[in-house]
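Taken from Swiss-Prot as is:
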type	residues	note
DOMAIN	87-444	domain 'Protein kinase'
BINDING	Leu93, Ser94, Thr95, Gly96, Gly97, Tyr98, Gly99, Ile100, Ile101, Lys118	ATP binding site
ACT_SITE	Asp307	active site, proton acceptor
Amino acid sequence: MEFPDIHAYNSTKYLEDGDTTILGDTIQFQFIYENIDNKEHISLPKIKIFKYFRDKISFETLDRIIKNDYINPSYFQLKDKKFCAHNRDFYHLSTGGYGIIFRMEKYVVKFVFEDGSKKYKPMEVTSEFTIPRFLYNNLKGDERKFIVCAIAMGINFKIDFLRTIYYNTMSLMSALFNIMEGEPLENKYSHRKVLRYFAKYKQSNDFVKLISQFYPYVVNSNINVINNFNYLINFFERSRRSNGYFNRGNIIIFPLAKCSAEKITPDNYAQYGFSSIVEYTKFMFLQIALLYIKIYELPCSNFVHLDLKPDNILIFDSKEPINIYVGDMHYVFKEPIRCTLNDFDFSQISEIIPNKKAVTAINKEQNWYYDFHFFSHVLFKVYPEISKDEDFTSLLNEFTICDKYICENFRLQVNKLPSISFLINIVSRDIFSKWIDGKSTSHQ
């Protein structure tokens, strides 16, 4: 079996201390990394932000800026029609428990803080690169199109500049909101107050005009965190309370997708070529199920993702038909999009590519059924319209209801691991006949 194409590049020119390594395309990684403005010099302003605003900025000052015509459209929220990106700026997309994600031109860049106190060696936290690349290299058919492979991964880089950018932006917003609301400026910010006022003003032209004026001065970076800034507040404030680690970590570069799977909704499914939102969820379920079936045809130990949900399935354009063969069954997808599995942070292939993070997430051996149990629960939650389709509801309930299994918070405690033949039988049923080409489904 083939192992991932890994091109290691020990880079000490990026850091004064600590070894760094680049996996994958070093040229594209360096392009991204070198476009982060002043990463080694980003620091809190010499003059404290609250003091500058207290001494020099009044409500009348802000009012004059608001009445001015100048506005930088890159500070609107990304979903706003008025948003317009500047070349080679980084725009915050989202932040979760295990990564801060930005968009930069045709790339998605994910920063992951790795806590050295957890005793992980740098190469033990590379599953987001190694596992999808391993699977892609060993799968031989169109099922490879259902996997997102990282372009490159930088390991053990110093990324604490993100925390400084956060604090600068938080201090800026705190000062602006206090003046706008007629409240006294304070040396210490209240993140709860900033969250409340950010929700109030983020769509406002006046707010964007003020950010256009002050963000370049206070933050002085091409990393724009204004979009979904509330996610960053939740991440850094929660992590600060738990003594979070914000020094070194990994930088992972992915191709830019159209969107994540949950962004296709009852309001827009027709734009993607579907007759209903339920048909789309069947399409998503079938493509991911076929990927798992083809993975389990490989002569390797159990693959488990451990976080299978629409958030971690990305949508890409599909410019030609996709053909998948399982036994005597032929599946054909002619839709203009395809679903691709992403975010392999907790994934593992037992004994071949183990993952210490997976060990902390589950306490016993699991397989594909664990993922689809959780996936089915989430589909019901995200798409309640499924309940109107009795056949699809019944099918998904086969993963969520069983007297022999104990379901706790969508997580499955399994006494016996079901065979992949169970899933093969599921995808051969008439409910998926739209995508089955010329084969009998009478063995339902």
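Please read every residue number as a count from 1 along the shown chain.
A Cβ is built for glycine as well, from the same backbone N, Cα and C atoms used for every other residue.
Here the features listed in Swiss-Prot are placed on the structure.
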residue: Leu93; record: ATP binding site; DSSP class: strand
residue: Gly99; record: ATP binding site; DSSP class: strand
residue: Asp307; record: active site, proton acceptor; DSSP class: coil
### Query
How big is the Cα-to-Cα gap, in Å, between Gly99 (ATP binding site) and the residue listed as 'active site, proton acceptor'?
14
### Task
Pop the Cα-Cα gap between Asp307 (active site, proton acceptor) and Ile101 (ATP binding site) into the table, whole Å please.
17
#### Entry: Greatest C-beta neighbour count within 10 angstroms, which of the binding-site residues Gly97, Gly99
Gly99
### Task
Only counting partners 6 or more residues apart, tell me which same-chain residues put their Cβ under 8 Å from the Cβ of Leu93 (ATP binding site).
Leu78, Ile101, Phe102, Arg103, Val108, Asn227, Asn228
### Message
Return the residues near Thr95 (ATP binding site) by Cβ distance under 8 Å, restricted to its own chain and a separation of at least 6 in sequence.
### Response
Ile101, Asn228, Tyr231, Leu232, Asn234, Phe235
### Task
Enter the number of other CB atoms within 10 angstroms of the CB of Ile101 (ATP binding site).
20
### Task
Would you kindly give the Cα-Cα distance separating Gly97 (ATP binding site) and Asp307 (active site, proton acceptor), rounded to the nearest Å?
12
## Note on the structure
CB neighbours within 10 A of Asp307 (active site, proton acceptor), counting all protein chains shown, number 19
